[in-house]
């Protein structure tokens, strides 16, 4: 989906629907908090507000389902269907409120409304889970799963701390009721948190990061609200605030959809995919929140069953964070190894000839500097005779193969520790440190003889001959450039004379 973050905020400020939703949420908080009306009117107003918010979410999602990429359109179609399910439950609940405004079911929800919310949440979660994340490395997927699992474990801990076990004997019916209390509604919202985090942490969500964070906050808030026992909802001391919190959470979801729609409508330039963040603070914040809850529960309740649940959640979140860190350390190790390999490869490319693998001019001159500083050195300069006709007659591919063969022969004809380089074109050089004065002429003849004759390349017999010049020098008396120039002059003297290889000895 095309995202347009630059102008999304101006579009949101100018949007009457967004302003109305914000005012609605503020009015709900203030109105319910003042408690100026009785329970019946407050419950009726609550369900009217929820209906309005869910209608806005369903309509906006339906409009978003008609724009953007196919995967994003499919996601918003799921959201529109989920919003419609919420509206059905709200309308059914309004009927129940009109019939019996003071009945407990009018406040906490009838079975039809309960089922509609469950269906709607399943549709939302299905849309989020089906959205593709694109190509990711296995290490990145592992970090994403660990981050999402950590936040999910933290939210689960808070949900279990709030949930109330059903009353009555601990029989099969009680166990079924406990499973329903833990999984049917809080569990679905927890999966929704995981699905939102999956997209948000991947950096490939079809909505802006701010919208994703707001949606995640709404999912967390709804998880907590769904975990609150029904008896607490029916306690007049808490009822207004719980009603206001439900309105705020649902309004936040509707605002997310509206902000995304307005961002798409008012953008001038499309924004690219979110840049992957090197880390997320959410898992660490979740772990810190769970440990804070653990300390608070231990101080207020001591070591009871609920404290064990919260403490276990703290240990689970900590274990997941440790796993995430170990994964990060492995990833850093891999990155460092790749960096070293890349550095070695770049060094190889910077100082070696790509065709022959020999040292290039830069590396040769560096070693010549080092060799002169250490003692006497001898430089041999080799130039292939009549190399241009080889390219003209046999082609450049054959010429390249001939250069590779020359490099092989030169490497085979020198000592370990000597440097063989291709200076450019058909010009080669050999650096021999510590070579005795009497052996220079022998090496010249050996190099020339090794590069004399014909080379069979494919079906062609390619002639090979080279001119070799030599220059010897020592530190304090000669510099690298003058030494290389002397060898060059000696080589050209050989090429011109076409006789015995000539030498130039500075000693």
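Cβ coordinates are placed from backbone N, Cα and C, and glycine is handled just like the others.
Over in TrEMBL, the protein carries these features:
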- 375-507: domain 'GGDEF' (DOMAIN)
- 43-64: transmembrane segment (TRANSMEM)
- 76-100: transmembrane segment (TRANSMEM)
- 112-132: transmembrane segment (TRANSMEM)
- 144-163: transmembrane segment (TRANSMEM)
- 175-201: transmembrane segment (TRANSMEM)
- 213-235: transmembrane segment (TRANSMEM)
- 241-260: transmembrane segment (TRANSMEM)
- 281-299: transmembrane segment (TRANSMEM)
DSSP assigns the residues of the domain 'GGDEF' (375-507) as 57 helix, 42 strand, 34 coil
Are the transmembrane segment (281-299) and the transmembrane segment (144-163) close enough to be called in contact, which here means at least 3 C-beta pairs under 8 A that are separated by 6 or more residues? yes
Leading stretch by Cβ pairs under 8 Å, where the reference is the transmembrane segment (112-132) and the options are 43-64, 76-100, 144-163, 241-260: 76-100
Looking only at the domain 'GGDEF' (375-507), mean pLDDT returns 87
